[in-house]
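Student: Here it is, the structure, as C-alpha cells.
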Amino acid sequence: MFSLIRAKRLAIGIAALAWSTGAVMASEHWPDLPVGIKNGAAARIGNMAYVGLGSAGTDFYALDLNNPSKGWVKRANFIGPATNGAAMAAAGGKIFAFSGNGKATPDAKSPIIFDTAYVYDPGSDGWSKLDTQTPVGLSGAKAVGLADGRIAIFGGYNKELFDKYLADVGAIDKDKEPEAYRNLVDSYMGMKPEAYRWNDEVLVYDPAGNNWGSLGANPFLPNCDPAMATMGEGDFLLVSGEIKPGLRTPEAKLVKIRDGAAHWQKVSDLPPLSGSEPQEGVAGAYAGKAGDDVLVAGGANFKGAQANAAAGKWFAHDGLAKSWRDDVYAFDGKDWKVAGKLPRGLAYGAAFDAPGGLLVVGGEDRDGKARKEVFLLKWDGKALSVEN
C-alpha cells in the first residue's frame with residue numbers, strides 16, 4: 001500500500017462495494033484506518049464495514065460505506081484478550097469472532113490458541129462472550145456466513161500442539177541453552193504436514209442454537225491463512241495458504257456447500273511466476289471477485305521452501321528469508337494468469353469485492369509494519385491498475 005499523506009480518492013463513480021450485499025455508495029475520499037492493522041479480522045453488515053483486532057489489540061472500528069467521509073469510527077473494544085488470526089464472519093446482523101491466538105493474560109509467559117467465541121451486536125455496540133467452546137483451534141481459519149444463517153469455518157491450527165510448542169519454547173533461554181533451543185525448534189518445524197493435525201473438517205456454527213456441527217472432511221491437506229473468495233451462494237474458492245509452518249501450497253480448491261455437506265473440487269494451481277521461479281504458494285493473500293474473475297494479490301512465502309520439501313527437508317523454511325509478495329493473479333474459473341503487481345509486497349490484511357476490482361485494506365509490509373492505507377486494484381479482465 002502507498003504511504004500517502006494526501007487523502008485518496010477511488011474514482012469509481014456510483015457503485016456497489018459487495019462483501020455479502022450490494023450496497024450503493026458514491027465516489028468519496030476514502031479515509032485511512034486509524035491505526036495500521038495486520039493479522040486482524042473483518043466483517044460487513046449492510047453498509048457497515050468492521051475491522052480490528054490483530055495488531056490493533058482490542059480496538060474495533062467501523063466505516064459507513066455509504067458515507068465514508070465520516071471516517072472510521074471507534075466501536076466498543078473487544079472484551080477478550082488481544083487476539084491475532086481470529087476467524088470472523090457476520091450472520092443474522094451480528095459479528096462472530098472465533099479462536100485466534102495471543103496471551104490469555106498480560107503476564108502469561110507464552111501465547112496460546114484460544115477456544116473461545118464472541119459476538120458483537122452493532123445495535124447495542126457491545127460484545128458478549130458466547131457460552132461455547134470451539135471444537136478445535138481455529139487460529140488461521142477462514143469463516144464465512146451461509147444463506148441459512150450458519151457460519152462455515154475452514155482450517156485452523158491444532159491447539160494442543162501449538163500451545164505445547166510455544167510453552168516449551170518460552171521455557172528455554174535460547175542464549176544460555178542454544179543447543180536445546182535449536183533441537184526443540186528443529187523437532188517441531190521438521191514434521192511433515194500431516195503431523196501438525198490442523199483442522200480437516202468444515203465446521204459449522206449455528207448462532208440460533210449455539211451449537212456446532214460438521215459439513216464433512218476436507219479431502220486435501222488442511223491449510224491456514226488461505227485467500228478466500230465467495231463465488232456465489234454457497235460456493236467458495238480457497239486459494240493457497242500454509243500446509244505447515246513455513247510451507248505454502250500453490251493449490252486452489254472450489255468448495256460447494258449443498259444439502260448439508262461440503263463438496264470439494266480442485267481447480268488450477270497458482271501459476272509459476274517464470275520459468276526460473278516456481279510457484280511457492282502464499283499465505284495471507286488478498287482475494288475477491290472482480291467482475292467475472294477472481295483476483296488474488298500479495299501474501300507471504302519463503303522462496304525455496306517448495307524445493308526443500310520436495311527433497312525431504314521438512315523444516316522447509318530453515319535459513320530462508322520471508323518474502324512479502326507483490327504479485328497479482330486473475331482466475332477466470334478455469335485458468336490463472338499473472339495480472340500485474342501491487343504497489344508493494346503486502347500480506348495479512350483485509351480485502352473486499354469492489355466495483356471493477358478488489359479493495360485492499362491494511363496488512364503487513366516487508367518491514368513487518370502494519371499498514372493503514374486503502375486502495376483499489378482495478379481489473380477490466382485485461383489490465384490491472386491501482387486507484388488510490
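Easy rule for this one: first residue shown is 1, then count along the chain.
Note that Cβ sites are derived from N, Cα and C of the backbone, with glycine treated the same way.
The active site, proton acceptor annotation in Swiss-Prot covers Glu242 and rests on sequence analysis. Feature annotation from Swiss-Prot assigns repeat 'Kelch 1' to 48-92. Summarising the annotation, Swiss-Prot assigns repeat 'Kelch 2' to 94-147. Under the heading repeat 'Kelch 3', Swiss-Prot lists 149-186. The repeat 'Kelch 4' annotation in Swiss-Prot covers 187-232. The annotation repeat 'Kelch 5' is assigned in Swiss-Prot to 236-285. Per Swiss-Prot, repeat 'Kelch 6' is recorded for 307-356. For 358-387, the entry in Swiss-Prot reads repeat 'Kelch 7'.
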Student: Which sequence-distant residues neighbour the repeat 'Kelch 3' (149-186)? Criterion: at least 6 residues beyond either end, Cβ under 8 Å.
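Tutor: Contacts with the repeat 'Kelch 3' (149-186): 87, 89, 91-92, 96, 98-99, 101, 109-113, 115, 136-143, 196-199, 202-208, 215, 218, 222-226, 228, 236, 238, 241, 255, 257, 262, 315, 318.
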Student: Under DSSP, is Glu242 (active site, proton acceptor) helix, strand or coil?
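Tutor: SS state of Glu242 (active site, proton acceptor) = strand.
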Student: Averaged across the repeat 'Kelch 1' (48-92), what pLDDT does the model get? Just tell me the whole number, please.
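Tutor: Mean model confidence (pLDDT) across the repeat 'Kelch 1' (48-92) is 93.
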Student: Which number gives the other C-beta atoms within 10 angstroms of the C-beta of Glu242 (active site, proton acceptor), all protein chains shown included?
Tutor: 27
Student: For the repeat 'Kelch 4' (187-232), jot down how many residues DSSP puts in helix, in strand and in coil.
Tutor: 7 helix, 20 strand, 19 coil
